[in-house]
Each structure stands twice: as C-alpha cells, then as structure tokens.
Amino acid sequence: MKSLFIASTMVLMAFPAFAESTTVKMYEALPTGPGKEVGTVVISEAPGGLHFKVNMEKLTPGYHGFHVHENPSCAPGEKDGKIVPALAAGGHYDPGNTHHHLGPEGDGHMGDLPRLSANADGKVSETVVAPHLKKLAEIKQRSLMVHVGGDNYSDKPEPLGGGGARFACGVIE
C-alpha cells in the first residue's frame, strides 16, 4: 500500500498543474459571414504568458497580423456604407484603454499578438506567446483575428500596424 501511495504521489508531482486550454476554429472572414474553416488555434496557459499554437492554411505567403479582438463574433458589419468581413469582432482587445498598437512586448493593446509567418504554400504551423496575457479567462468570449497583411506594431504610417483586411476569424469560447 505504501508503494502505491509513493507511486501515485510521484505521478501527480510530475504533472503539478494541468493548464487550461481551448481550441478555436478559424474561418474565412467573408462579407456574407464566416466561410470555410481554414485551421485551428490552441490557446493554453503556460509560464511566460498564453501560448497560441496556430495551424492554418490558405493564407498568402508572408507575414500576417494576429490579434485578440474585443467581441465574440465574426459576423460582418457595415462601415462607411460598405460591408466589412468580421467587423462585429470589434477592435483589438484593449482593457487598459491605451488606444495604442505597440505589439506583444509593448504597453499598448493587450490583444496584440506576434505576427504569423505563412510559408510558400500559405500554411502556418507555429506557436506564439502573448507575454501580457496570463489566463485564458482574460480572453474568453472574445475573438481571434488574422489579417491579410503583416503588422509593424505601430500606428504609423498606417493605423493598427497596417495589417489590412480581416482574413480569418474565430470565437474564443
């Protein structure tokens, strides 16, 4: 019995805490609403910040802006008389009301994540870390967004890093 207790204790010590995680399905952001699934993002709690394990396809090769957005919706909306894909997701998650896009290491939007790099086949398979986000509960009932273009982590020369249109969106549940 004592051996069983010791063995059980050793197993439990090897896994001191099972970090919370969730999988977000990412869909094309279209003027008519969410389109076909283009991949997944597994978000998990880990030392150093939330980890975002991204597996996506159908992107253009190169860099893409990647952010947590305010609202849990990927529905289109109307802005300046035009339909905008995934507009209902709102802006970048910014609980501190900084109104600044300074990247994942900066003191701006908490939703600024490291940009993604799609290979020549338009696929992304990488894990990025959000050092300012520690708990999954902080971003539940929000959305993830991948933009068409890169992100320079600045509001100049274009606002919000110049990432351009919304390419893919998923709701964090």
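Each Cβ is built from the backbone N, Cα and C atoms, and glycine gets one as well.
According to Swiss-Prot, the protein carries these features:
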BINDING   His67, His69, His92, His147  Cu cation binding site
BINDING   His92, His101, His109, Asp112  Zn(2+) binding site
DISULFID  Cys74-Cys169  disulfide bond
SIGNAL    1-19  signal peptide
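Across the structure, His69 (Cu cation binding site) and Asp112 (Zn(2+) binding site) place their CA atoms 9 angstrom apart. Counting other Cβ atoms within 10 Å of each Cβ, the binding-site residues His67, His69, His147 show the lowest value at His147. Counting every protein chain shown, the number of other Cβ atoms lying within 10 Å of the Cβ of Cys169 (disulfide bond) is 29. For the pair Cys169 (disulfide bond) and Asp112 (Zn(2+) binding site), the C-alpha distance works out to 15 angstrom. Within 10 Å of the Cα of Asp112 (Zn(2+) binding site), the following recorded positions from the list His67, Cys74, His92, His147 place their own Cα: His67, His92.
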